[in-house]
C-alpha cells in the first residue's frame, strides 16, 4: 500500500516538469528564430571597438558615425507637426516684407512750387538807357518719398515781351531729406534796353510811385533719386518794381 501511494505522488510532479521543459524549449526556439532573423555579427581587428549597446562582448566598426539609419516612411519624425502652418506663416512674412520694401522704395512724386520773388535789386545804366534787374526768386520743393532726393540742376529764363532778357543755371544744388520741404533760392540777372529802352525812361520817372513791369519766368528743375531722374518745369508771371530796390515781406 505504501509503495503504490508513492508512485501516485510522483506522477503529477513529473507531468509538471515535462510541461516546464516544453515551455523552455519553445522559448529557446523563439529566441533562436529571432537571432536567426537578426544575426549578431562580430567584427574583430584593429578597426573595431567594443559594442556599447549590445548584450555581449562583440565589436562594431570605428566608422560607426558613418552608418546610415533607415527610417520607415510612416515614422512620425518624418511628419513634423504644424508644417503647413509654418510654411504659410513664412509665405505671409515674405509677402509682408516685400510689400513694405515696395511701399518704402516706390518712387513718390516730388512737387516743385513757386514761392514768389523775394528780392529785386535795380541798377540803371544811363549811357545805354539800360535797366538791370537782379531778381531773387524762391522755389518750394516737397519730397514725399521715404528717402532723400537730390536737386541736380536748376535753370531759369526771364522774358519780357516774349524776349529772353536774362537767364540763370546751376548744378548740384542741395539734398532734400525724406518727407520734408526745402526752399531753393536763385538769382537771375535781367537786362532791359535796346528795343526796350523805353523801360528805362518809365522806371526813372520821378512822379510815379510804383514802376511795375511784368516779367515771365520759366524755371526747370532736375531731381534724381534711386537712379531715377525727373524734371519739373514752372512758368509764372511776376510784377516787378523797376524803380527802386524791393524786398518781399
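Cβ atoms are placed via backbone N, Cα and C, with glycine included.
The model shown is predicted, which means the values in this text are computed figures rather than measured ones.
Your range for transmembrane segment, going by Swiss-Prot and the list 65-85, 86-106, 107-127, 128-148, is 86-106. Checking Swiss-Prot for transmembrane segment across the ranges 176-196, 197-217 points to 197-217.
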